[in-house]
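Some notes on the structure that comes next.
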Amino acid sequence: MGSAAMDTKKKKEVSSPGGSSGKKNPSLKRRSLRVHIPDLSSFAMPLLDGDVENSEKHSSRKVDSPFSSGSPSRGLFSRGPQPRPSSPVSAPVRPKTSPGSPKTVFPFSYQESPPRSPRRMSFSGIFRSSSKESSPNSNPSTSPGGIRFFSRSRKTSSVSSSPSTPTQVTKQHPFPLESYKQEPERPESRIYASSSPPDTGQRFCLAFQSPARPPLASPTYHAPLRTAVLAAAPGPAEAGMLEKLEFQEEEDSESGVYMRFMRSHKCYDIVPTSSKLVVFDTTLQVKKAFFALVANGVRAAPLWESKKQSFVGMLTITDFINILHRYYKSPMVQIYELEEHKIETWRELYLQETFKPLVNISPDASLFDAVYSLIKNKIHRLPVIDPISGNALYILTHKRILKFLQLFMSDMPKPAFMKQNLDELGIGTYHNIAFIHPDTPIIKALNIFVERRISALPVVDESGKVVDIYSKFDVINLAAEKTYNNLDITVTQALQHRSQYFEGVVKCSKLETLETIVDRIVRAEVHRLVVVNEADSIVGIISLSDILQALILTPAGAKQKETETE
């Protein structure tokens, strides 16, 4: 009896372990809970498994998620009367909890009661780490590509529904969303732009955008927005933009329009896409160097010293004239110094009395600085050297700068002094004019070049009329024809072998306006104009330096500054 009763009890326990009449086995209960734990965790985090239906089913538990949204109505940049910062990633959001709530292992923010209205991320969400970049309303994406996609499509989130008062405000962000209700363009493209494109010459259309981002819809600026953005994040990149903005908005007279134009452009803007640049090593013979200038049709070349691994000077036609002026003795006598000396030897002899370092300029410097350096140092060639690599990029001249300015003159307001004539402005040299006659020997002309430090001599006949002009560039023909051993020939004989680079004699009158003078000297591509009277007699000389001084430096007050410096 006893054994039969015990067998019957065991059978009941095996046949119905979960029944109400039998006792439950504790080991079976624990094993059952272990089996269902993964199901419960997946039910608690439907978004991690990509279950869209579960996400819609639990829409009553939607809260502010630290992940950005791709929806245009619930995007990252939804407008509203007051911004609301996002909650921490790992802290559950509850209606009445402090920001310092304890962390949990669940990345999904849970809210006990449904919110009264949709709640969105504030502007501060874009400054969070990449671990937050996913969307509760779309398929999850944890790759960096998805992060960049949402950060680059912020303009699509311009439409949003009007939100209600947020239940939790922990921090007021320095960028209020009210200033972006009419967002003309992305502010980041102005703040973090690597470089601004060259200006088109129109001083009231200064657009800045980054080449790494798509073109903006509107280049127009709104003053309050620009001021707020630039004031909130100042830095080295903004310094140049702030300077240009000040140039755009400053209230100056029209007389300084060309000065402001030159200050807003860099030397790199004037460098051509393709050009020829000849560089000489200081160990090269002087004679071969001048022959190379003639063969390449250039008037100057930077000098490279291998010992210092840097540029130390310039070799110009003036050096050729100085060598002939110093070492020429008599006709048909070989000039040993010209034949045998190297460039470094000539520099040691010539510069031992007055050593002058190389005057150069950076490609990032303004054209105003280039003009000021040319006129202040009384030079005609200014090499543009990259300070980082040390490479020579280009050689700036008065002619190149004035031509660049003249291209944009029609797009700028015309100052009143452009309608004044040369006599009223007093531009040019009208006293103690140096000139020569057709029968003047070449050696005498070279002496005048050196003593007066001028670049050209008008050739005047017996009646006083200007018949020709002898410039420094014509002297290089002596090297081309190898006739520099006989400098007693006349100027007329030397000019008979003039090369095709002759600029010609371009004349003007003192009664012509400055606008006419600028247009004529640029079109003729010459370095100077000979001012004559009604009888075609020489009255004065107006050079490119005089014109640039009147257009750019005089309105800036640089003339007085130069006098004080000297």
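Just so you know, glycine gets a Cβ as well, placed from its N, Cα and C.
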*Met314, Leu315, Thr316, Ile317, Thr318, Asp319, His380, Arg381 bind ADP 1 per Swiss-Prot; candidate in Val271, Val359 listed for that same site*: Val359
*Which is it, of 367-388, 433-454, 455-476, that Swiss-Prot names as motif 'AMPK pseudosubstrate'?*
367-388
*Swiss-Prot tags one of Ser134, Ser138 as phosphoserine; which one?*
Ser138
_Candidate from Lys276, Lys399, Lys403 that Swiss-Prot assigns to the same ATP 2 site as Arg299, Arg381, Ser471, Lys472, Phe473, Asp474, Arg498, His527, Arg528_ = Lys399
*Can you tell which of Thr165, Thr554 Swiss-Prot marks as phosphothreonine?*
Thr165
*Position flagged as phosphoserine [Swiss-Prot], chosen from Ser71, Ser87, Ser113*: Ser71
*Where does the phosphoserine label fall among Ser27, Ser55, Ser161, going by Swiss-Prot?*
Ser161
*What kind of secondary structure is Asp474 (ATP 2 binding site) part of, going by DSSP in three states?*
helix
*Distance [Cα-Cα, Å, rounded] between Thr316 (AMP 1 binding site) and Arg299 (ATP 2 binding site)*: 6
*So how far apart do the ADP 1 binders Met314, Leu315, Thr316, Ile317, Thr318, Asp319, Val359, His380, Arg381 get, largest Cα to Cα in Å?*
17
*Secondary structure composition of the motif 'AMPK pseudosubstrate' (367-388) [DSSP: H/G/I, E/B, coil]*: 11 helix, 4 strand, 7 coil
*For Thr318 (AMP 1 binding site), just count the other CB atoms lying within 10 A of its CB, please.*
20
*Of Met314, His380, Arg498, which binding-site residues come within 10 Å of Asp474 (ATP 2 binding site), going by C-alpha to C-alpha distance?*
Arg498
_I need the CA-to-CA distance for Ser543 (AMP 3 binding site) versus Arg528 (AMP 2 binding site), whole Å please._
4
_Closest of Met314, Thr318, Val359, Arg528 to Lys472 (ATP 2 binding site), Cα positions, binding-site residues only_ = Thr318
